[in-house]
Amino acid sequence: MIEKDGRSRVVIEHVQPQINSGRFPVKRTVGERLTVIADVFADGHDEVRAALLVKHEQDSDWQEIPMEFQGNDRWEASFTPEKRGIYEYTVQGWVDHLLTWQKGLKKKFEASQDVGVELLIGANWIEEAAERAPTHEAQTLRNWATQLRNESNQSAGVTFALSQEVTKLVEAYPDKKYASLYHRTLFMEAERQKALFSTWYEFFPRSASYEPGKHGTFKDCEQLLPRIAEMGFDTIYLPPIHPIGDSNRKGANNAVTAQPGEPGSPWAIGSKDGGHKSIHPELGNIDDFVSLVNKAKEFNIEVAIDVAFQCSPDHPYVKEHPQWFRWRPDGSVQYAENPPKKYQDVLPINFETEDWENLWKELKSVFEYWISKGVYIFRVDNPHTKSFIFWEWCIREVRRQHPDAIFLAEAFTRPRVMEQLAKIGFNQSYTYYTWRNTQFEIKQYMTELTKTDMREYYRPNFWPNTPDILPEMLQNGGESAHISRVVMAATLSSNYGLYGPVYEFGINTPVYAGKEEYLDSEKYEVKHWDWNRRTKIRDVMTRINRIRRENPALQTTWNIEFGETDNQQLLCYAKVDDYKSNKILVVVNLDPHHVQSGWIKVPVQYLNLSAGSTYTVNDLMTDTRYQWHHEWNYVELHPGVMPVHVFRIE
Ligand SMILES: O=P(O)(O)O[C@H]1O[C@H](CO)[C@@H](O[C@H]2O[C@H](CO)[C@@H](O)[C@H](O)[C@H]2O)[C@H](O)[C@H]1O
């Protein structure tokens, strides 16, 4: 059986972007362009044309966007989503006889051949196009066909046939009877802008009190909002806010047994006071929490909460749904792990339980419950230790009802696993940035994130530290490293965050030499921070966050171009906005201990600067201006003064 019309001669292949052959949608935010490329060609020498077909899933009509020929059978078109939701896209190609005729006519006429018959053939094609045009234009086309038939002067006929007005009108009504359609419909999800541009400040609400020795509350968190807003953060991320279990409670510095009075790790969720939908009593009650969420909105701050699907042995689920845990012959459950880390105070959930459907529904309802309280951003703890198939379902279902929901995958694990979590729906992902220090490492990692197909589905969120990770660079590099690492996170990636208090106060003592964990970690203790204290690091955080808000070039991750340097300790990169009007050039001294100087090659072409022109670079970190003339320019960065330049090119 011949399934297709044998006259469909166009081949369409290598349509990009597509993730796993279209199994997963590519990601964009509203207003963020999607550029689609494809190879479209036919046998012989006929002219081919191609169009990108796009539609929002709720619309019935396809929008047709002409693709532009890039040479070598490659075609390209762009589309910018205007509303949130899923868009479908595919590619169509067809042989264009009118265009073929026009090109042939031109060649023959230029070769001084007789084109009398050609003009008659063209008249027929134009008449056919009239059949596809609306009445008023159909009449014009018919008139042109008559004009061509009656034209006695071949030169005038050719000029007319190739004129812009004829070309424009015949292009508008192509003959697509035998058009080919790419064999697949692909998907793109357009999300709200925050999925791409967000600035996170993590702190433990139990340490929020201004008063030493007092357990912090949500009311205390409200007091911190003006301070956090002043620093320019738009998202506060709170580690778990639920009741903390007593059984196997951990003590200071990860001791497996807590001393009386120790508060335990907030990730040991669940006690007689409730589980994932309850509030730790010392923080306040649900009304206090909702009040914090609403108050934060007044400062343009969103509250993000931590969702850790694991249970303290005291969690109500353990008694109510014992089938959700894997019991061993001795009546115990093996505690949770993220090898080599051991979480002796929590039980993992068994995603292979016979009762998986009820488990899934309950876990999804946790997100729904917090959404009903005004929370739309979730930092998901260790998602890679729960099944992919669950996440794909859960995120899809939650976002179908609540498209504003954003899920950040807190997975520091193998690359394929992190990538899969992003493919199946996580809107943002933690990264290896935390450990990328040298020029080579940073360039290589940024290239992988932005110039491979990861760009289509993996939205990085760069964290210089977390409560779990005090990287060696911050331990050894002190204030200078804190400054350079936060400025790089904030300018390399449009999503970035940090574990705030210890960062701004420059706390960097490891639990012991060689271990990348904070001594006396807040994970196991209530801390008292001097919230009135201003540090240079805090001032830098404030300034770089303002620079990010004021410069659209820093509100996306994908627009990076590195510049050469003659010193490996200097890193140089440029970013420009879509309109090429906002241009940022960052230079970083990667060595926190020594002055580093050298020559950097400004990527002038990328920055749209004509060679040899004079331009002003305005260092937004220090409000200092320099006049530069060439590609190569000299810089000198002092770690003790300011280890970075963030230039705006003016
Ligand atoms: O496994 P990760 O390094 O990605 O860390 C995340 O998950 C951990 C488990 O939830 C969590 O660990 C903390 O809570 C545990 C449970 O209470 C406790 O046993 C650990 O000692 C404590 O570090 C970690 O904070 C989180 O970021």
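Every residue, even glycine, has its Cβ placed from backbone N, Cα and C.
So that you can see what the record holds, here are the features copied from TrEMBL:
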type	residues	note
ACT_SITE	Asp381	active site, nucleophile
ACT_SITE	Glu410	active site, proton donor
DOMAIN	198-548	domain 'Glycosyl hydrolase family 13 catalytic'
REGION	252-274	region 'Disordered'
SITE	Asp468	site 'Transition state stabilizer'
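Each residue of the region 'Disordered' (252-274) gets a DSSP state, and the totals for helix, strand and coil are 3 helix, 4 strand, 16 coil. Beyond its flanks by at least six residues, the region 'Disordered' (252-274) meets 204, 206, 215, 239-246, 280-281, 306, 308, 310-312, 314-318, 343-346, 381, 511, 517, 519-521, 523-526 of its own chain at Cβ-Cβ distances under 8 Å. A coil conformation is recorded for Asp468 (site 'Transition state stabilizer') in the three-state DSSP classification, outside any helix or strand. Within 10 Å of the C-beta atom of the residue listed as 'active site, proton donor' sit 23 other C-beta atoms, taking all shown protein chains into account. Across the domain 'Glycosyl hydrolase family 13 catalytic' (198-548), mean pLDDT in this model comes to 98.
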